[in-house]
């Protein structure tokens, strides 16, 4: 269908927005309020995945063409960073129009086509919604600065002085000297927690809250499965506070959740709150109600500690952060990840830990960005296949729903001489042909060059080559996702660390019990044992609770000796791991059922 409404426009000082009824709607999947707990997420940058029209930029139609690959891999949900209309001064997180798709990506109808095709394959799609701020080119901001007494005059946080909220930290210390910027048109300062071209919305204005709820409903009406709410801790400002995690923010999130539960059951809100776990759990809402704010939240502090634990060859960085993680409501789930489109953030570590991570993983100053490291997974791990597999096994087995980053399943590298975080946002490497099979455009027109490194370049690292090799990282990753999908324990099971005398080995049980139709119960118990050392390591585990059970290695279905009363001895190769299903012993022949 031809799109006849090209985004928002201003009429008589009022910004008019299109209606979802102006567009087609994607088919919906059966309502399942717990799907996100079982899902494997896959973050893909639209511009980086596949170019359908040879303009050098990936687009929505190109992503639609590659859905069969995503389905084959075993992904349950795509996470798309912002694809809205934007001047692209911050990778699309500076939104110019919430109701329009960036023209180089396509149209709203192209998105509906993508969503419908994904749902036909059983794949869900969530996208980022930047609630905290807009681009300074957004019509709301332009109306606000030109007409202070008009309907949008109070849509942003304005002040005659830059002295307000002095306790709020500056997030982008590399580029910003203040959270206030003077506007020569309105002759006032405006508030921004991020870049100065991203003014913060004023959520103390009820009209702003209603406007953002309307944005939610527009995309939900089209059929989208949920949103990652970007930068949610910063929605409100109060004197005498650091302007983060304020009660008013949680009150607004409860409004968003109620709209979802009442009008769009089965859709999901994921909080992006780069905070300590004790602070983040508040974004799940009231545990007595099962959670009444966000369904999911990222566990940011866990990720750097996985890297730290393996480099230190000690389980304690992981053990300690998990021990500090409070319980979450029954309806909630953590999202966990190794890498994404941003730098490997080191905000949630101590100064000493940050220095250690820089020394170990960012020896070249160009590898640093803001308070983090701008590298992909494979180069961070020196392209060591054993380490890559160990990290992936941890990602897939620790508590939470895992998020993969496009290209990590084939071991893509980065280009550190590209600016800002573009080093980890290069084109997907499909084939060894020109432009890595990403685009038919002339190479000079590509949005970023494909990686041509001797180790990580597309001539050697690409999907086509790895599809043909049964031992490739791609096929190994697909197999691990398939194994994980067969066991509810990974998705919703309890987590119990087993300790042990060897600090280089991290062992834990994931366990869930399901009621059966005959009134009985069935337990799915998985034992995960991870060697964080580069050297072979022995471990003795107290498994008396499982005496008589048989550990069955889950990738090769190999039975290990049954568990007895004595400590269970295992030896793991360097950076090796085991996943065991603990299987009940078969009944003795002739035993009564």
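Cβ atoms here come from the backbone N, Cα and C positions, even for glycine.
In sequence order, 93, 128, 129, 130, 131, 132, 272 are the residues of the chain that are 6 or more apart from residue 230 (active site, nucleophile) and have a CB within less than 8 Å of its CB. Annotation source Swiss-Prot lists active site, nucleophile at 230.
Residues annotated as active site, proton donor in Swiss-Prot, with similarity to another entry given as evidence: 272.
Mapped onto three states, the DSSP output places residue 198 (substrate binding site) in coil. Same-chain residues at least 6 positions away in sequence with a Cβ under 8 Å from that of residue 198 (substrate binding site) are, in sequence order, 90, 93, 94, 133, 134, 135, 136, 192. Look at Swiss-Prot and you will find 90, 133, 198, 228, 341, 342 tagged as substrate binding site.
What Swiss-Prot records for 132, 200, 234, 235, 237 is Ca(2+) binding site. The Cβ of residue 234 (Ca(2+) binding site) lies under 8 Å from the Cβ of 132, 193, 200, 243, 244, 249, each on the same chain and at least six residues away in sequence.
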## Note on the structure
Integer Å value for the Cα distance linking residue 228 (substrate binding site) with residue 235 (Ca(2+) binding site) is 15
### Summary
Taking all protein chains shown into account, the Cβ-based neighbour count within 10 Å for residue 132 (Ca(2+) binding site) is 24
## Note on the structure
Across the recorded positions (90, 200, 237, 272), the Cβ with the fewest other Cβ atoms inside 10 Å is that of 90
#### Entry: 8 Å Cβ shell about 132, 200, 234, 235, 237 centroid, Ca(2+) site members excluded
133, 157, 191, 193, 201, 203, 231, 236, 243, 249
